[in-house]
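Comments concern the structure below.
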C-alpha cells in the first residue's frame, strides 16, 4: 500500500527521522495560512509547495514550486490544485492534484539517496546509498553502479552501527554532518522494520549548509500482508490515487493488476498467470491485465472477474486459463456461462480448462450454446487469441 509524502514524513518523524516542517493543505487558502505559519517559524526566505500524488518526477512536471510570500503560495496553490500532473510514473493519463504539502525551505548544500527494501535474492533487507540524490536510482545502478553502495542487513540482528557508519563514509561526510547522517540512517531503518514497510526511500536526502541532515522527500510503501498489525495505517490509504479497476477487484478479493494491452486474462494461480501473459506476448498479443482468481474460484468470483476485465475498453479478446487442482473446472465453467449470459460477452473468449472435472466443464461449455473457443494447451490458447485478434 502506497501513501502520500506528507503521511510518510509524519510517520518517520515519530521515529526520530529528521524531516522539514510541513503542513498539508487542501485549498489555496489553507496553503496561504500554512505559508504564514512557516514563515513565522523559520529563517528561510521561501516555502515549498509540493503536489501530493502517488508518483515520482513531480518537480519536472511542475508539481514542486517555491513561494516567497503567503500570497505567492496562495497563487501557486490555486494553479496547482485540481490540475492533472503527468510524470514518467503516472502514465499519459496523469493524476489529479487534490492536496498539497507546504514545507519550509532548505539551504541545501548536498543531495544524496538513501533507500531500504527487501532483497529477495538474499532474503535480507538491503540499505542502498548513493551520492546521486534526486536521480532515479534504477538509472544510477545501470549507468554508474560505482556511485551506489548496497549493504546487506541480516534481519536477525538489524542494522549495526558499523554499517550505518560505512554508509555515511561512502557519502564523504565528516564531523557533525557524519554524526547526523549515522543517526538519520539508524532511525530510518528502525522505522522501516517497525512499520513493516516494503520500501522506505529518501530521495533526496539533503545536507544543509548549517549541517542538518533531512529527508527532503520520502516514499513509504507498506507490506499489505502486514497491515493487520497496523490497523491505524489503513486509514492512510487514498483510493483516489489507485487504479479504479484494481480497487473494484480488491472488493471481490481478486488479485488484479491493470496493464496496457488488449487481451484480458483470467487465470488461477500467480505463476500460471505470469506464464499465460508470457505466452500471449510471444504469440503476438499484449496482456491487458494480470488476474488471479485464486485457489477457491467460484462462479461468483469468475463473474466479477469478467465484469472487471470488460470494464477496460482496450480489451479485444479474453483468455481464460484454468488448471483445476483445488479449483474444480466445472465450477469455473459455470461461472463463465453465468457471466456470459448476464453480461453479454461480445468479445472472443478462448477457454483452456485442465485438471479436476475438466471433461464435465468442457461438456457444460459445449452445451451452453455460447460462442466460446476451446483451446488444447497453453500454446494453442495463445495462438487462438492472436487469431481472434486478427480476424
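Even glycines carry a Cβ here, placed using N, Cα and C.
The ATP binding site annotation in Swiss-Prot covers 50, 57, 58, 59, 103, 106, 111. DSSP classifies residue 58 (ATP binding site) as coil under the three-state reduction.
As annotated by Swiss-Prot, Mg(2+) binding site applies to 203, 217. Counting only residues at least six positions away in the same chain, the Cβ atoms of 5, 202, 203, 204 sit under 8 Å from the Cβ of residue 217 (Mg(2+) binding site). Annotation note: residue 217 (Mg(2+) binding site) sits in a coil segment as assigned by DSSP.
The feature substrate binding site is assigned by Swiss-Prot to 268, 325, 326, 327, with sequence analysis given as support. Other Cβ atoms within 10 Å of the Cβ of residue 326 (substrate binding site), summed over all protein chains shown, number 13.
Averaged across the domain 'ATP-grasp' (9-248), pLDDT in this predicted model comes to 92. Residues annotated as domain 'ATP-grasp' in Swiss-Prot: 9-248.
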Proximal residue to residue 326 (substrate binding site) among binding-site residues 57, 59, 103, 106, 111 (C-alpha distance): 57
Rounded to the nearest Å - Cα separation of residue 59 (ATP binding site) and residue 268 (substrate binding site): 41
Packing count at residue 106 (ATP binding site) (other Cβ atoms within 10 Å of its Cβ): 19
Residue 268 (substrate binding site) and residue 111 (ATP binding site), Cα-Cα, nearest whole angstrom: 46
